[in-house]
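As given in TrEMBL:
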{"type": "REPEAT", "residues": "28-63", "note": "repeat 'PPR'"}
{"type": "REPEAT", "residues": "64-98", "note": "repeat 'PPR'"}
{"type": "REPEAT", "residues": "99-133", "note": "repeat 'PPR'"}
{"type": "REPEAT", "residues": "134-168", "note": "repeat 'PPR'"}
{"type": "REPEAT", "residues": "235-269", "note": "repeat 'PPR'"}
{"type": "REGION", "residues": "279-318", "note": "region 'Disordered'"}
{"type": "COMPBIAS", "residues": "309-318", "note": "compositional bias 'Basic and acidic residues'"}
Amino acid sequence: LLYALCRHGHIEKAEEFMLASKKLFPVDVEGFNIILNGWCNIWTDVTEAKRVWREMGNYCITPNKDSYSHMISCFSKVGNLFDSLRLYDEMKKRGLAPGIEVYSSVVYVLTRENCFEEAMKLMEKMKEEGLKPDSVTYNSMIRPLCEAGKLEEARNVLETMISENLNPTVDTFHAFLEAVNFDQSLEVLGQMKISCLGPKEDTFLLILGKLFKEKQPENALKIWDEMGRFEIAANPALYLAIVQGLLTCGWLEKAREIYSEMKSKGFSGNPKLQKLLEEQKVNGNRKSKRRDLQKVGSRGGYKGQRSMYKRESDTGKT
């Protein structure tokens, strides 16, 4: 039950149930680890994770290998290098051997916090201890490098990964898609297809989001056209993403065109988006009318005004 509640995000209820049932089921490290995993890896709430860690001490429960793994994962995700290394050292002093999950978390936070050389040394230490880095470990290094725009270093790590007979994963390609330019994005999509890893709908959602964030509606439409080449049929999520993105970039007519196409295919519309499209249309009409009025005014005023001015001048002549 605790697993089910946490998996669906009801971590507070899971903790309440665990503590309320302690007379029937004494609290133990496994139960606390389920709650800790919820706060660390489902919600990534450092404050709550720290609280549960302290609560374990209040119940005289000693953290085990999994407890440390969850906490280090949480600290690494938010870029807390100090506490990640502190717990890593602490668990080793207690005789708890870090697993691949812990090493991957520490490698990630080291790379993210510009300690790339130290991350590489830690990878070597893993191998010395008989642990083989997997694709998750390499992705933990590739992802922050791509986020920082260090593409050359990321490509070098990818080459090392492949040389060790580890294939890139969807996460590997997605990390590069977050960092490369438009033309390179097409190359990555091609590599994904060759590797039989898609691309799928979530890949195109990622690219569209990036392009609209960078105010590149033209390239977003090119990617939209590319979907067919990869046998991806537009679904409601993709339609809404491109319509909303086009609206944000001020491409009203194209947004309305694609929105109409979506509805013609039997997909239900989005009330908020529909309202926004209508408001943009009204605002566009008002702006158009104002421009027309300004043009008329620049040619000597309205027709009625010109005749009035003429009558005044004629009156002056008489």
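Using the three backbone atoms N, Cα and C, a Cβ is placed for every residue, glycine included.
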- Task: Would you mind listing the long-range same-chain contacts of the repeat 'PPR' (64-98), meaning Cβ under 8 Å and 6+ residues beyond its ends?
- Result: 29, 32-33, 36-37, 39-41, 44-46, 49, 53, 56, 105-106, 108-110, 112-113, 115, 129
- Message: Looking only at the repeat 'PPR' (28-63), how are its residues distributed among DSSP helix, strand and coil?
- Response: 27 helix, 0 strand, 9 coil
